[in-house]
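Colleague: Supplied in structure tokens, the structure appears directly below.
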């Protein structure tokens with residue numbers, strides 16, 4: 001990692017940011033700081049330790065019906081180590097104005113899948129209602145085991161971060177995955 005950063009061949013080194021991950025791919029910077037992963041402009045390969053989120057979900061996850069009336073949820077079928085990348089929150093990128101309109105409809109239906117991309121300014125929102133992945137089913141908790149990080153890979157527009165969820169602590173196999181919907 002130090003050699004790549006010193007040589008400027010990897011994105012964080014070239015932009016004078018710290019590498020966000022250790023050798024095991026675990027995040028090592030505090031939440032709230034941006035993560036810059038290597039991209040197509042870097043000289044490194046696909047096995048570079050600074051390519052974590054872009055490799056996608058690496059755990060066996062399962063959607064299940066919650067027993068307490070919260071609808072669907074997601075649990076892990078494997079143990080997850082603290083600070084490990086778990087999944088990306090993905091969906092349709094829409095303007096905040098469109099999100100406001102859709103939000104009123106979703107409120108009437110009693111469910112919403114909107115995630116504001118307000119890292120620098122509130123211009124865009126991710127709507128996972130119609131397009132997305134398993135993250136659409138992750139429930140809210142005030143004591144979550146996942147933390148949100150803003151990640152930049154090919155796109156460096158600060159208004160359009162990718163939303164990555166990392167484990168805040170070791171997570172047992174069979175445990176439900178949650179994040180704080182109000183987390184900034």
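Even glycines carry a Cβ here, placed using N, Cα and C.
The domain 'Pre-SET' annotation in TrEMBL covers 6-56. What TrEMBL records for 10 is Zn(2+) 1 binding site. For 11, 38, 42, the entry in TrEMBL reads Zn(2+) 2 binding site. What TrEMBL lists as Zn(2+) 3 binding site is 38, 44, 48. Among the features that TrEMBL reports, domain 'SET' is placed at 59-182. For 142, the entry in TrEMBL reads Zn(2+) 4 binding site.
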Colleague: Quick one: of 38, 44, 48, 142, which binding-site residues lie within 10 angstroms of the residue listed as 'Zn(2+) 1 binding site', measuring between C-alpha atoms? Sequence order, please.
Modeller: 38, 44, 48
Colleague: What are the helix, strand and coil residue counts for the domain 'SET' (59-182) according to DSSP?
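Modeller: Tallied per class, the domain 'SET' (59-182) gives 18 helix, 48 strand, 58 coil.
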Colleague: What number of additional C-beta atoms lies within 10 angstroms of the C-beta atom of residue 38 (Zn(2+) 2 binding site)?
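Modeller: Here the count is 25.
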Colleague: When you tally the Cβ atoms that lie within 10 Å of each candidate's Cβ, which of the binding-site residues (10, 44, 48, 142) has the highest tally?
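Modeller: Result of the Cβ crowding comparison: 10.
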Colleague: Distance between residue 44 (Zn(2+) 3 binding site) and residue 38 (Zn(2+) 2 binding site) at the Cα atoms, whole Å?
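Modeller: Checking the Cα atoms of residue 44 (Zn(2+) 3 binding site) and residue 38 (Zn(2+) 2 binding site) gives a distance of 8 Å.
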Colleague: What mean pLDDT score does the domain 'Pre-SET' (6-56) have in the model?
Modeller: 83
Colleague: Starting from the Cβ of residue 42 (Zn(2+) 2 binding site), draw a 10 Å sphere and report how many other Cβ atoms land inside it.
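Modeller: That number is 19.
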